[in-house]
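Inspection log for the structure reproduced underneath, given as structure tokens.
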Amino acid sequence: MILEGQPTRSIRRTADGAGVCILDQRQLPWEVRWVELRSADAAAVAIREMWTRGAPMIGATAAYGLAMALAEDGGDAALAAAHAMLVETRPTAINLRWALDTVRDAVAALPPAARAEAAFARADAICDEDAALCRAIGEHGLALFRDLHARHPDRPLNILTHCNAGWLATVDYGTATAPIYLAHDAGIPVHVWVDETRPRNQGALLTAFELRNHGVPHTVIADNAGGLLMMQGRVDAVIVGTDRVTANGDVCNKIGTYLKALAARDNDVPFYVALPYTTFDPATATGADIPIEERSAEEVARLTGPDETGRIATIRVTDSPALNPAFDVTPARLVTGYITERGVLARV
Ligand SMILES: CSC[C@H]1O[C@H](OP(=O)(O)O)[C@H](O)[C@@H]1O
């Protein structure tokens with residue numbers, strides 16, 4: 001997407017092809033800092049500590065991590081060890097395991113000396129495919145947005161989104177944001193209510209950063225404000241990304257998504273989930289079976305941002321014990337439809 005005026009992907013190979021460049025999303029929006037990862041260990045740290053995040057993005061980063069491991073040692077033991085290390089970095093997004101399994105399966109039958117090049121090629125293909133998948137999600141979502149806007153052509157289409165399912169969470173376009181970008185570029189007046197998304201504020205920091213760079217009108221809101229806006233008729237649709245959709249259609253996404261779905265249902269606001277096939281997990285029966293990542297309580301207890309001098313500072317908002325589940329599960333019954341690269345799958 002557009003970054004500093006230039007079309008930009010959120011991940012790319014290093015100039016020498018031996019590593020991968022990612023944006024350190026912990027520094028956004030205050031600093032655009034590209035980081036070179038040159039080992040599987042570095043990729044694991046970047047995923048675990050959320051230098052880079054978002055289901056498709058952590059899958060792509062891990063795929064390159066596996067390729068870098070094979071460049072050091074192409075043997076079966078090294079392949080298995082790197083896969084095991086990377087797949088454990090974050091438990092919830094299914095894209096991580098999908099990407100690692102895909103690369104492993106692409107190289108397993110090759111001689112050790114040929115595996116690194118093939119792994120890098122598969123990782124490159126995962127990135128190119130993700131960009132195409134997200135673009136297709138955008139196209140199908142655009143058609144949906146046209147229909148929604150036709151109901152109120154006299155005013156902007158008001159969309160609420162939660163967390164960051166944008167181009168920073170994918171290779172390009174995003175999932176939930178792809179229809180927003182394509183609608184904006186097509187001249188449909190869109191306004192986005194951006195949930196700040198405590199505790200890491202991916203909405204206030206990352207989604208708002210993306211929308212500013214692309215010129216999309218938006219308003220950051222407290223996570224708890226969405227229900228009132230829906231009750232007041234100020235939300236035409238909710239669209240979110242996901243980290244895993246199970247066989248029965250349950251949706252695992254950033255903590256707080258479920259509460260938005262409840263408010264949407266109570267106010268007859270359509271609730272859409274945007275996802276590529278790489279986030280669908282038919283092997284998991286229901287949302288109850290998804291491992292929910294629990295992150296450090298410090299993420300709840302602290303806030304980070306620029307102080308009056310512009311220096312990035314961290315303050316504590318509580319000294320009490322805190323609990324930090326990073327995801328929740330929205331039951332399929334609360335989902336209006338799934339926006340995929342093959343079309344919009346409406347729940348009947
Ligand atoms: C398009 S996947 C985005 C998805 O991933 C985010 O989680 P995290 O920031 O912890 O990686 C969030 O659940 C987004 O909806």
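Cβ coordinates are placed from backbone N, Cα and C, and glycine is handled just like the others.
All annotation found in TrEMBL is predicted automatically rather than curated by experts.
Now, the feature entries from TrEMBL:
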ACT_SITE  D243  active site, proton donor
BINDING   R53, G54, A55, R90, Q202, N253, K254  substrate binding site
SITE      C163  site 'Transition state stabilizer'
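Annotated features, which come from TrEMBL, shown on the structure.
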residue: R53; record: substrate binding site; Cβ contacts under 8 Å, 6 or more apart: Q25, I47, A169, Q202
residue: G54; record: substrate binding site; Cβ contacts under 8 Å, 6 or more apart: A93, N164, A165, G166, L168, A169, T170, G241
residue: A55; record: substrate binding site; Cβ contacts under 8 Å, 6 or more apart: A93, I94, N95, L96, A169, G241, T242, D243, R244, T278, T279
residue: R90; record: substrate binding site; Cβ contacts under 8 Å, 6 or more apart: I47, R48, I58, L96, E293
residue: C163; record: site 'Transition state stabilizer'; Cβ contacts under 8 Å, 6 or more apart: D195, T197, Q202, G203, T207, V240, G241, N253, K254, G256, T257
Practice task
Measure from each Cβ of the recorded positions R53, R90, C163, K254 to the atoms of ligand 1 and list the residues where some distance is under 6 Å.
Solution key: R53, C163, K254
Exercise for the section: Find the longest CA to CA distance in the recorded substrate-binding set R53, G54, A55, R90, Q202, N253, K254; express it in Å as a whole number. Expected result: 17
Problem - Any further residue of that chain within 8 Å (Cβ to the Cβ centroid of R53, G54, A55, R90, Q202, N253, K254) of the recorded substrate site - result: I58, A93, C163, N164, A165, A169, G241, D243, A326, F327
Handout entry: Around the Cβ of Q202 (substrate binding site), the count of other Cβ atoms that are within 10 Å
Key = 27
